[in-house]
Amino acid sequence: MRHFLSVNDIESLPDWVDEAITLKQNPYQFEDLGKRKTVCLLFFNNSLRTRLSTQKAAMNLGMEVMIMNFGSESWVLEYQDGSVMDQGTSEHIKEAAQVVSQYCDIVAIRAFPDLKDREKDEAEEVLSGFAEYATVPVVNMESSTGHPLQALADAITLAEHTPKARPKVVLSWAPHPKALPHAVANSFTQMMKLQDAEFIITHPKGYELNPKITQGCQIEYNQEKALKDADFVYVKNWSSYTNYGKVLHQDLNWTMTQQKLGQAKFMHCLPVRRNVVVEDAVLDGNNSLVINQALNRTFSAQIVLKKILEAL
Amino acid sequence: MRHFLSVNDIESLPDWVDEAITLKQNPYQFEDLGKRKTVCLLFFNNSLRTRLSTQKAAMNLGMEVMIMNFGSESWVLEYQDGSVMDQGTSEHIKEAAQVVSQYCDIVAIRAFPDLKDREKDEAEEVLSGFAEYATVPVVNMESSTGHPLQALADAITLAEHTPKARPKVVLSWAPHPKALPHAVANSFTQMMKLQDAEFIITHPKGYELNPKITQGCQIEYNQEKALKDADFVYVKNWSSYTNYGKVLHQDLNWTMTQQKLGQAKFMHCLPVRRNVVVEDAVLDGNNSLVINQALNRTFSAQIVLKKILEAL
Amino acid sequence: MRHFLSVNDIESLPDWVDEAITLKQNPYQFEDLGKRKTVCLLFFNNSLRTRLSTQKAAMNLGMEVMIMNFGSESWVLEYQDGSVMDQGTSEHIKEAAQVVSQYCDIVAIRAFPDLKDREKDEAEEVLSGFAEYATVPVVNMESSTGHPLQALADAITLAEHTPKARPKVVLSWAPHPKALPHAVANSFTQMMKLQDAEFIITHPKGYELNPKITQGCQIEYNQEKALKDADFVYVKNWSSYTNYGKVLHQDLNWTMTQQKLGQAKFMHCLPVRRNVVVEDAVLDGNNSLVINQALNRTFSAQIVLKKILEAL
């Protein structure tokens, strides 16, 4: 494996999930693997779980970790080919990516979308720029359109808690006051397509995800109908894709409640806004898996770093 | 010991001080104790001494250290139960504390007061929130009302320099242009109550500290009288407690001078404003212990981390 | 060696360059040297290469690394003797430098000039303040007037690529939209004076560097003439020194092109503004050494840290 940019870079989802669950029992088993190896975590946006879990995963493997907040601690990067850099950008991605590659063995990148220009966001200039010019493997710590480390953690969580070989999993949109990216929903959907499951996406009309990603997935606009007999309900807000980056409405009828959830397990990637996205009773109840999902972030990152280290 | 939140969590002040002084001779003696253990330092406010000394202390014990500036690098937290999170806060302390706990073995927190609402500050929502919801031990790196790592470092410094079994120690208010918290004065006072010493607090009228904390302490409004025959003078500014968070005046008659100090040793937690809080001659003289106090921050943190590690 | 503040602190340039080139073959050869040793990197300004390469160099030597962004994460420092600190500064360099020294074995500092007051910038209050009051060795990670770690990396790069014992090396000014410091040009010039080379500085009139630094150097205002038969061309913008800190003009006739460069190797310290300082064709061509220079930053830092560790 050269880069880990999307769910498609998971060579075998069941194998990786199994291996992660084994690793979780003995996180330090491969602490010699990362000896003298360094991962550089570059943040173009804020982070809590991703930053700490990826750092912990690397340390579990015996790696050194360098962290940089690119925006506030370094220079503003240019991504366009051939540009005359006489304005706000100080360094081209061509140089930055090659240079950073020389100080570490793996580069991990977090870069959110602006949610203003769909074409620009889908071009993934930061992640793609590093993937193109870096001379070491690049890991996606959430880009404009994907969050594969989260999806892999979710797959581990599903495997640990599934009551049956072919569970029913529902991805349900929820209201939120701010315009949020599609990355988590995209990667979760892509990951579910690799699972043996009954998978349904439910959201109000107008909140359809990128049809290339949901292609082949069942979409149900009636939340109640979608949730019927679900084993897992993954709740997440995203802004409109068609009317790109817009909050069309914040319909609180879509807030997840204990009553709607029934016996299903509740999942969310966090951070979550209580009593907007989901009511307290769900998060504080026994069927919430959100803390488990967060724990599994360490092991999804650790599996990815391990695979990369083994291939170096 | 579960948490280290205040001076009251010091199980035995004399024992811990003795142990710290021993540790100082051989800081790496327990470097295997922290193997595969991680402390996560979470800063909601700026820090120099606390950050570097706590990091050094953890490294001396062989621990891994993860540092996050919560405000600028992560999400704004919600602390109220049952709140509808449709405004500025993105993540509830319930999730944040549980999640962070999963990536480390100890969480250390710095969160200053706003000095606007006394009741809110005394509720210590950040520190208490982490202490309530974290599933690992929590260490106070200065909260709204206390700075026990500083007080423990001060106790070590007193022990190293005391000329007699029962020294006279004076805590003297000093002027300052900004409204400062009571945390250092509170914890120093609480710590002094565990010492065999003649302890006097002196300050202008109106600058009385929380009476629950100074209960049983001698308070003297005449600085000259208070300072008479002192062995140690601990100088510190704090804003009004009664007229909460207000700078009533900046009376430069209370600035500590070499003349007032006489033969006493001078102490201050730093940072200190020269020629406002204390004149240059004192800080540059032989009786200043401020650099020693700062050095002992490493060993107060190291003792606390060691005690927690031993109890894990 | 006590401090590494300028090119003048390089004891023997040819020996250090040779040693760095050897070290580059086996970067972990001295990983026991830094055991239980800590370097504290203090940034008063942004950094990419310097931060990551110095951290990597320290880790290669087995050191622990503590990093602090002094401006945003700590307190505003006072540098004047005898000042009454009742304004914006919270801590005096006297205390800060002594205190930080107690938490580490080496302190490294980055502090850029304001480019407003030449005398003030040349006083190097931050670097000099730390050098005066720190009780451990201080390393310059780019100060107001010098960037010796860059110059040392440049010397390594020259040695690796020189086609002859006495190459022709040209330092050529280039246009830039912002006022930039003289540090890189100064240190490169100082370093070149220690080399056996034909060294020429070329720039438009008005962009003369500090004559104390260029003393004895050949200065040629005609860029074409200067570049003739060059083996290496080091391109760099700097603001006016005489008309201190001013951008007199941004004459694009001084942009480096492939045609001007001819067969010479191209050097630049990065970050570089493409198609302003130098055209794409040069950076993307085979004669660019900029990525090599950046790689050698690790080994210039590693040699400096190694020399200091050996002398501790």
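Cβ coordinates come from backbone N, Cα and C, glycine included.
Automatic, uncurated: that is what TrEMBL annotation is.
Copied over from TrEMBL, here are the features:
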BINDING   A:S47, A:L48, A:R49, A:T50, A:W75, A:R110, A:H147, A:P148, A:L149, A:Q150, A:C269, A:L270, A:R297  carbamoyl phosphate binding site
BINDING   A:E142, A:H176, A:K236, A:R273  N(2)-succinyl-L-ornithine binding site
DOMAIN    A:2-160  domain 'Aspartate/ornithine carbamoyltransferase carbamoyl-P binding'
DOMAIN    A:184-305  domain 'Aspartate/ornithine carbamoyltransferase Asp/Orn-binding'
For A:L149 (carbamoyl phosphate binding site), just count the other CB atoms lying within 10 A of its CB, please.
28
Identify, in sequence order, the binding-site residues in A:R49, A:W75, A:H147, A:C269, A:R273, A:R297 that approach chain C with a C-beta to C-beta distance under 8 Å; the answer is 'none' if none do.
A:W75
Count the residues of the domain 'Aspartate/ornithine carbamoyltransferase Asp/Orn-binding' (A:184-305) that DSSP assigns to helix (H, G, I), to strand (E, B) and to coil, and report the three numbers in that order.
45 helix, 20 strand, 57 coil
Cβ packing number for A:W75 (carbamoyl phosphate binding site), 10 Å threshold:
19
I'd like to confirm something. Which of the binding-site residues, A:E142, A:H176, A:K236, A:R273, has a Cα closest to the Cα of A:R297 (carbamoyl phosphate binding site)?
A:E142
Cα distance (Å, whole number) from A:H176 (N(2)-succinyl-L-ornithine binding site) to A:W75 (carbamoyl phosphate binding site):
32
List the residues of the same chain that sit at least 6 positions away from A:R49 (carbamoyl phosphate binding site) in sequence and have their Cβ under 8 Å from its Cβ, in sequence order, or write 'none'.
A:L270, A:A294, A:R297
For the binding-site residues A:S47, A:R49, A:W75, A:C269, A:R273, which ones lie near chain B, with a CB less than 8 A from one of its CB atoms?
A:S47, A:R49, A:R273
How far is it from A:L149 (carbamoyl phosphate binding site) to A:H176 (N(2)-succinyl-L-ornithine binding site), counting Cα to Cα, in Å?
23
Spatial neighbours of A:E142 (N(2)-succinyl-L-ornithine binding site) that are distant in sequence (at least 6 apart) but have CB under 8 A:
A:N45, A:S47, A:T50, A:R110, A:A111, A:F112, A:L149, A:Q150, A:A183, A:V184
Kindly assign A:H176 (N(2)-succinyl-L-ornithine binding site) to one of the three DSSP-derived states: helix, strand or coil.
coil
If you average the pLDDT over the domain 'Aspartate/ornithine carbamoyltransferase Asp/Orn-binding' (A:184-305), what number do you get?
98
So what sits near A:K236 (N(2)-succinyl-L-ornithine binding site) in its own chain, CB-to-CB under 8 Å and at least six residues off in sequence?
A:L171, A:S172, A:W173, A:A174, A:V184, A:A185, A:F188, A:H268, A:C269, A:V277
What whole-number Å value do you get for the CA-CA distance of A:H147 (carbamoyl phosphate binding site) and A:H176 (N(2)-succinyl-L-ornithine binding site)?
19
